[in-house]
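This report refers to the structure that appears directly beneath it.
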Amino acid sequence: CHLIHYLRLSHHLVVLNYLIGTFDKLKSVSSEHINITDAVFDGVEVRVFEPPAKQDETLKRSVVYIHGGGWALASARTSLYNNLCRIMAESLNAVVVSVEYRLVPEVCFPEQFHDALRATKHFLHPDVLAEYSVDPSRVAISGDSAGGNLAAAVCQQLSKDEHVTIRPKLQALIYPVLQAFDFNTPSYQQNMNMPVLPRYVMINYWIDYFNGNYDLAHSLLINNHTALDVSQALSFRGRLNWTSLLPSSFRKNYKPVIQTTGKAEIVQKIPALLDVRAVPLLAENETLQLQPKTYILTCENDVLRDDGVMYAKRLENAGVAVTLDHFDDCFHGCMIFTIWPTDFSAGIQTRNSYIKWLDENL
């Protein structure tokens, strides 16, 4: 992934996703334990995992799951996500809907958000929930990494939509990416060269998501886009003050990187940098107060650690019940690595903790 980014093959994400799909995309294969089908929800492809009905059971709980991959990679049909959703469906005896949103470079923001929102709203319609024998009061929305970003953004949008009569009971976000305001939080500084997701790769994912220019990468890295003289960013600064939102154990001895003078033209060229549909951590308190009970999983060895921790704190300050599940010895992306040859203990540990919380709260 890093080599393809570096070489800037045309288009590097197409090349990488082709390789992933060629070797790893699975057809819908049901078993006696789980019925797996592919469907289309309001124009968006989804994969549905259904446990068999039990004799004494009327309605099941459910999870809408949105996969990660920098808004550009992976699929609901790859073995890693297929395996995760199958195990979730089995362990929770729940209907799991895995959203196959369109990817960069085919589409860019806000289309991934729109796909996830449309599929979720379709599923939450009373007739559709009844079709799948799902209890309307026991639906969660969840996702990892970029999928966690989409899950949080969709949850915020649903909470404000007066036409939505059924909303998620829970949201569960796995090492979510939630902001592009500050690329020098303590976790970005601490893990800037950490394998799986170095800082420069995350910045490139953001640029790809926004259909921006790689020439802006260095300015983003040093926070030129949110300098003190960039008027568009001023109203958001208080919503992402990590010196007050992070506990001292995460702040450590790192110092904020705040430029006095920067480049306002960056935000003019990429206004989505400050669009809460793309950066849910910047949402106003009135929106956060409407969010459901929340689970956020973070890993110490991850540039995105502080995104999750800050969102947990802001939600908590807004009166939302939050569980922050932090793992000191784990890394970004670890939860899907539970099958050979990448069957890591970190994956089993985080997945079990995540499913346990869902089982106890959904």
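From the backbone N, Cα and C atoms, a Cβ is placed for every residue, glycine too.
Look at TrEMBL and you will find SER145, ASP302, HIS332 tagged as active site. Annotation source TrEMBL lists domain 'Alpha/beta hydrolase fold-3' at 63-221, 275-335.
Model confidence over the domain 'Alpha/beta hydrolase fold-3' (275-335) is summarised by a mean pLDDT of 97. Per DSSP, the secondary structure of the domain 'Alpha/beta hydrolase fold-3' (275-335) breaks down as 22 helix, 19 strand, 20 coil.
Just so you know, the Cβ of HIS332 (active site) picks up 25 other Cβ atoms within 10 Å once every protein chain is counted.
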